[in-house]
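Visitor: Supplied in structure tokens, the structure appears directly below.
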Amino acid sequence: MIKREISVRQQTCALLQKNLLKKWRLKRESLMEWVSSLLLLLFLYWYPHGHGATDLSSVPTKDLGRVDSFRQSGFMIGYTPVTSMTQQIMEKVAATPFMADKKVLGLLDEENIKELTESHAEIIRVIFSDTFSYHLKFQFDQRIPTSRELRDHNAHCDGLYEDVNCLIAIFWKEGFVALQAAINAAIIETTTNHSVMEELLSVSGKFMKIHPFVRQEGILTDFFIFTCIISFSPITYYVSINVARERKRMKGLMMMMGLRDPAFWLSWGLLYAGFVFIMALSLALVIKSVQFFILTSFMVVFSLFLLYGLSMITLAFLMSALVRKSVLTGLSVFLLTIFWGSLGFTSLYRYLPAPVEWTLSLFSPFAFTLGMAQLLRVDYDLNSNAPPDPASGSNLIIATNFMLVFDAFLYLALMMYFEKVLPNEYGHQHSPLFFLKSSFWLQTRKPAHVILEDGIDPVPSSGDSFEPVSPEFHGKESIRIRNISKEYKGKPNKIEALKDLTLDIYEGQITAVLGHSGAGKSTLLNILSGLSVPTKGSVTIYNNNLSEMADLENILRIAGVCPQANVQFDFLTVRENLRLFAKIRGIPPQDVEKEVQRVLLELEMKNIQNILAQNLSGGQKRKLTFGIAILGDSQIFLLDEPTAGLDPFSRHRVWNLLKERRADRVVLFSTQFMDEADILADRKVFISNGRLKCAGSSLFLKKKWGVGYHLSLQLKEVCVPENITSLVKQHIPAAKLSAEGEGKLLYTLPLETTYRFPELCQSLDSCPGLGIENYGVSMTTLNEVFLKLEGKASIDEPEVDIVGEGQTERSGDTERLMEMEQTLSSLRETEKTDGMALWRQQTCAIAKVRLLKLKHERKTLLSVLLILVVGICPFLFENISTKIRQSSYTWELSPHDYFLAPGQQPQGMLTQLLIINKTEASIDDFIHSVERQNIALEVDASGTRDGTDDPSYNGALIVSGNEKNHSFSFACNTKRLNCFPVLMDILSNGLLGMVKPSARIQTDRSTYLMDETIHPLEDLWKTAFWLILTSACPPYIAMSSVTDYKNRAWFQLRVSGLFPSAYWVGQAMVDIPLYCFVFLFMSLMDYLFRFPDTMFSIISHVIQIPCSVGYAISLIFLTYVISFISRKGKKNSGIWSLSFYIITVFSVAVILLAFDVDGTQYYIIFLIPPSTLVGCLILSLHLFIGQIFEEGQVIEPFLVFLIPFLHVFIFIFTLRCLEWKFGKKTMRKDPIFRISPRNNDVYQNPEEPEDEDEDVQMERMRTANALVSTSFDEKPVIIASCLRKEYAGKQKHCLSKKKAKIATRNVSFCVRKGEILGLLGHNGAGKSTSLKMISGDTKVTAGQVLLKGSREGDTPGFLGYCPQENALWPNLTVKEHLEIFAAVRGLRKSHAAVAITRLADALKLQDQLKSPVKTLSEGVKRKLCFVLSILGNPSILLLDEPSTGLDPEGQQQIWQAIRAIIKNTDRGALLTTHYMAEAEALCDRVAILVSGRLRCIGSIQHLKSKFGKDYLLEMKVKTLEQVEPLNTEILRLFPQASRQERYSSLMAYKLPVEAVQPLSQAFFKLEKVKQTFDLEEYSLSQSTLEQVFLELSKEQELDGLELEELDSSIKWKLLPQEEA
């Protein structure tokens, strides 16, 4: 046994290599990931962010002149309230020079002013609070800035040549300061009788010197930052998708094989950390190249982006642990990025206090935006008056980087915590406080192979239903199961999969778990392998408690698990898959390759080791999954149907491998093949409905529930069965005739009468006149035991007859067969609709399918809902912004916004007020008056300063003149928006304080919004926006056909007789109304938010309604065309939706820009369908405002509105042409598309048949004759002539040629009326390919296929096709499937209901009729597919492994149905199978395919006679020690015996006919051997079909074909007849 040591490092490296291979091989996905990132980089590089440095220092400071130089007109002033004081004040204001010719009106209240506003263009409102307090109210966005204050990143000035314009000048130039000065002077004069009007109106204003500064253009820079925030979104989206998908599909299975959590996350983390590094480096280079950050170094920018990207990767990991669905994971990460990143703009605009900012930095997008804001402030600090503090800025940036690092580790910790605490897909979880337990930190590994001597509860005795365990196994109870129950939540009741199951599994034994479909076998194995958690009960495996997570890890460390679903990565080769899982399982690196080669050799997979897993056949995938399970030579093997889908030869290889590993190990497997359990398992455990029913060895079970031995007699043409029966009963009176068929009798002989066999055989040999050709004796089978157990209410009831394998039938089965025949024959009489009535019925059925699917397509509905929400956003934003604008606000003009108070420490942007005295006299009175306003002053008494040279002050007040007559001027820092109004109040209060110290004038600025009458055309952009947006909906609505194509439902419908046009029209019946609902909803919103009482609005809606309907239909059918063309790829609804949106945006832009060019708009509207509706809207706009159309040309644009309907016809015709050229074969003439069933084209086969068997040559001649036969009655129902199929291969390298993969070569056969032909062969031999060519699913490369209809000259209206893959809709119920296919096949509703009920009763599907398919077991799904294939009584049945996954009872039901449908009718069936008993039970003839060639064909008896003339002696020994002595004895008794390579405990010998003649002597010798060696059982009979199959496959060798060819390793050399 290989010593395994699980290493996180080794697992991480293996998974990282796997991820790199995935990125390399799935180039399309990788390209999309990097193209998205590259587009963002290019966008940032070319984006006009408007961010840069401005240097106006060389421009002279600007003098704004006197304040009373304002001379604008066109407005009037309204004030309120009207009092004597306010009236005096405003009269003085009206008398000022600049107010000449301007009205000043006093009104009672502000409402009166509003009424006055309606009749005047502009009114400036003066609202007095008291005599000294008022606010000036201007119309919004008129005469004053819209913002309260300049932000530190705003461009406060711009310069052109020698002219400098600054935002603060608007107060001066637009009259605010002039009006403020006049009102302030009037207040002073009215209240003090001291006039200062001249002093205030003569004030002049200047700008301080403008230092270089970094500017931004507001929203442009914000959007640039927003793009940086989402720059890692493509990476986080794909990491979310990849991690969530792999976590859901494969992680649990890998954990079951020993994977450690850190290795999984590290492998993806390291890969995407590399991606993040490249992206961060590129982003930093782009940002520095466009000079978005000017003073910040490259490494600082790079580190910020790198840490942000890494934190976003960890955030994606966290969300994948919280949100299980991959799409929702990616969407949630994206939405979180947008939300928290957008919220981070509050830090850029300083809306939040610092503690809140650092708290919100726990969300990395917010922390990143905060970091971007801090880097911007490094540049913006140039704008500040405060001295720069580089250390403070660096510390903040370092702190932000630390927060991003902290976020990454926090997300990782939370991810690991929730990964442990939240139940995974298998139900396992730790306790919420698991990290507080010492066992979590100090794990101690228990001894791996300690077996509990004493269990808590002994296995309950159930009478004689359980065989006592041999004493040698006492103390070897390695798996102890106690009272295990498992419940699943269902509707309406819970489903109990296991019920109080108690069982011991022993070391050194192979144990098989048997039971019907849904009995609980897979549930039990899933619980033992950690894939499911029991509802109650306990399980211990080698002293490890399964319910403890630490113990579960110990169990999985020593277990090899083969789950029911195949385990492989499709993008890896077979060898790469094995290497990966070998490393995961902890095999030392130096032994990995050796172990992989061992598995490849033992399972004979070396020839396919370099083939991608996705290209393997079903059997080869199963073999790979089993190979993964046996890697590392585990102590425990838990195998769930390990040989399902394997051919007999591969199945025997698996059996031998398990038998060789039995010693000192535990092997527990489940199977539906009773023969497999009989041969392989030492102990069989039967489970029924979740309860343990019986357990024991084959001999124990057969003795208790078997029927004894079977005597099989092959008869000559002339015989009397009654005489034979009489002879048999003469020797064995208890013998029963259990079956009588054509040329065959089958008797059941009791077990206790074996001693009479020699006498019976002697009598049979001595009576040649009875007409017996040969005979054989075989033991009862486990199939019979199973059916007997399932047919009894309880084990203790009296025994009843059972069905044996092959063609064994009991009387009860004969009755059921007759009942089945009656049921199916009654259904044959049902009338079917045709023509247009059938088309309408099919259309309604497809519409029903689409509607039922839509109910469960949450992604589609959420996507459409999101588009609706985004479409409503402009209306909502417009309304919100209108409400904001309409709400008046008042901003106080306070000196403390800019200037320090006396004694206050410098902080922020506050400075002292600079007063410069140029009067050469004392102005102490004025200075003291200003100081009384609580302002810190710096006085230049000497007057040496200019006031404009030093912008470190926010403002300066310059006093000039002489001692008696002072004049004043202001110098303002251009970055302080309200500087001039604030200085005017300071000056006014300074002058007022000199006269009346206690008084203070307070001016506020305010705005009001005009009640605008919005022209309807101004709302056009909102309508255009949602119309453009809704053009992105169809890919989310109308691409359901891609899913149907992927799950094969499309072809299943087509082969069932569906008209192509009915499929598309049925889809459209749901998709078009859904799309129209989108238009209706958005039109309603548009109407509600608009002004509907306008002529344009009414007419535009009248135009839009028919145009929108046509547009909706045209886009839906355009999407159908796209989905048909791209049906073989991924659905990609999102990509197509984005494409529609971008195309529409650019088309509309071209229409608007090139409208003056004659005809351009018409070409675009016609050639680009998504832009049609918006284009028509723009045309209607120009039509009704009369801007382009002259009188007499009105009809032409109206014809443009019919373009969508022209598109509808074009796309429907295109769809029809695509169906005709590239669609699958149609079974009926389509009444709408006018597509008829195609004449089968004949393609010459390039190969001539060589070295064919004579039976194959005769079949080829028979097929050729049938092709030219004119007799309808004699024509076979299926004719396959010279079929060849080649698949395009792949190039090994760029210079090599593509080598075709040949699946079938020159295969010819026909199926006659009433015949069932079986196709046999190894995995990948070409069986399924042959069926696909006959059904029309795959186009033949060469050859011809003819299918016979029910009437002469007709093709069959539909085929009964049961494909290898279940072509079902997961969310639809069984009954809905049956109703839909019944409608498609033409059954009337009433007849369909009867047919569904009868078929459900016949095949035991009544309890599952209302269950969704996704909740069904694989066996029930398979049964449903079969029922769908026989529904409507098709004339031809194509059955591809129809009974795979079914229990014996289900197999019997299907076999009976097939026989009832085909036998003695004009129907025919072609069947493929790996189950030889199925072929023997059903097939009239079988054909064996090898490497795509037909090697032999004929009846089963003919093949047995030709290739299996010898007798086969099989003996089952109880211990391996008996093998050699028994072999010696057999060779002594039968010297000509040839031992066959069969199975270690099942000894098989080929005996020539002469060696066993007479048979009586042979049985006499064998009875003696049985008693001497205490054999478990023996069988002497002619070769079965499986034995013939294995005999032929013994002498296989490598074919001369290349490895690319299908099943290239198998070349059969048929034994010549004389050698047989």
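Just so you know, glycine gets a Cβ as well, placed from its N, Cα and C.
I grabbed these lines from Swiss-Prot:
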type: BINDING; residues: GLY515, HIS516, SER517, GLY518, ALA519, GLY520, LYS521, SER522; note: ATP 1 binding site
type: DOMAIN; residues: 479-714; note: domain 'ABC transporter 1'
type: DOMAIN; residues: 1283-1516; note: domain 'ABC transporter 2'
type: TRANSMEM; residues: 30-50; note: transmembrane segment
type: TRANSMEM; residues: 223-243; note: transmembrane segment
type: TRANSMEM; residues: 267-287; note: transmembrane segment
type: TRANSMEM; residues: 298-318; note: transmembrane segment
type: TRANSMEM; residues: 326-346; note: transmembrane segment
type: TRANSMEM; residues: 352-372; note: transmembrane segment
type: TRANSMEM; residues: 396-416; note: transmembrane segment
type: TRANSMEM; residues: 860-880; note: transmembrane segment
type: TRANSMEM; residues: 979-999; note: transmembrane segment
type: TRANSMEM; residues: 1023-1043; note: transmembrane segment
type: TRANSMEM; residues: 1069-1089; note: transmembrane segment
type: TRANSMEM; residues: 1164-1184; note: transmembrane segment
Visitor: Taking residues 6+ outside the transmembrane segment (1023-1043), which of them lie with a CB under 8 Å of any CB in it?
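Guide: For the transmembrane segment (1023-1043), the sequence-distant neighbours (Cβ-Cβ under 8 Å, at least 6 residues beyond its ends) are 850, 853-854, 857, 859-860, 863-864, 867, 870-872, 874, 1050, 1063, 1067-1068, 1071, 1074-1075, 1078-1079, 1082, 1085-1086, 1115-1116, 1118-1120, 1122-1124, 1126-1127, 1129-1134, 1136-1138, 1140-1141, 1144-1145, 1148, 1170-1171, 1173-1174, 1177-1178.
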Visitor: Who sits close to GLY518 (ATP 1 binding site): which same-chain residues at least 6 apart have their Cβ under 8 Å from its Cβ?
Guide: ALA497, SER1417, GLY1419, VAL1420
Visitor: I want to verify one value. Collapsing DSSP to three states, which class is SER517 (ATP 1 binding site)?
Guide: coil
Visitor: Would you mind ranking the binding-site residues HIS516, LYS521 by how many other Cβ atoms sit within 10 Å of each Cβ and giving me the lowest?
Guide: HIS516
Visitor: Who sits close to GLY515 (ATP 1 binding site): which same-chain residues at least 6 apart have their Cβ under 8 Å from its Cβ?
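Guide: Looking at Cβ-Cβ distances below 8 Å from GLY515 (ATP 1 binding site), excluding near sequence neighbours, one finds LYS521, PHE686, ILE687, SER688, LYS693, ASP1447.
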Visitor: What is the average pLDDT across the domain 'ABC transporter 1' (479-714)?
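Guide: Residues in the domain 'ABC transporter 1' (479-714) carry a mean pLDDT of 87 in this prediction.
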Visitor: Any same-chain residues 6+ apart from SER522 (ATP 1 binding site) with CB under 8 Å of its CB? Would you list them in sequence order, or say none?
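Guide: Looking at Cβ-Cβ distances below 8 Å from SER522 (ATP 1 binding site), excluding near sequence neighbours, one finds GLN564, ASP640, GLU641, SER670, SER1417.
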Visitor: What stretch in 30-50, 267-287, 298-318, 326-346, 979-999 has the biggest tally of Cβ pairs under 8 Å against the transmembrane segment (223-243)?
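Guide: Per the Cβ count, the answer is 326-346.
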Visitor: What residues, ordered by sequence, lie under 8 A Cβ-to-Cβ from ALA519 (ATP 1 binding site) and sit at least six positions away in the same chain?
Guide: ILE687, SER688, ASN689, GLY690, ASP1447
Visitor: Around GLY520 (ATP 1 binding site), how many other CB atoms lie within 10 A of its CB?
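Guide: The answer is 27.
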Visitor: Taking the mean position of the Cβ atoms of GLY515, HIS516, SER517, GLY518, ALA519, GLY520, LYS521, SER522 as the ATP 1 site, which residues outside that list, in the same chain, have a Cβ no more than 8 Å away, listed in sequence order?
Guide: THR523, ILE687, SER1417, GLY1419, ASP1447
Visitor: What else in the chain is close to the transmembrane segment (30-50), if you only count residues 6 or more beyond its ends and a Cβ gap under 8 Å?
Guide: 23-24, 215-218, 220-221, 223-224, 227-228, 230-231, 234-235, 238, 279, 282-283, 286-287, 289-290, 292, 1135
Visitor: Just to confirm: which same-chain residues, 6+ apart in sequence, have a Cβ under 8 Å from the Cβ of SER517 (ATP 1 binding site)?
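Guide: The list for SER517 (ATP 1 binding site) reads GLN672, SER1417, GLU1418, GLY1419, VAL1420, GLY1445, LEU1446, ASP1447, GLY1450, given in order along the sequence.
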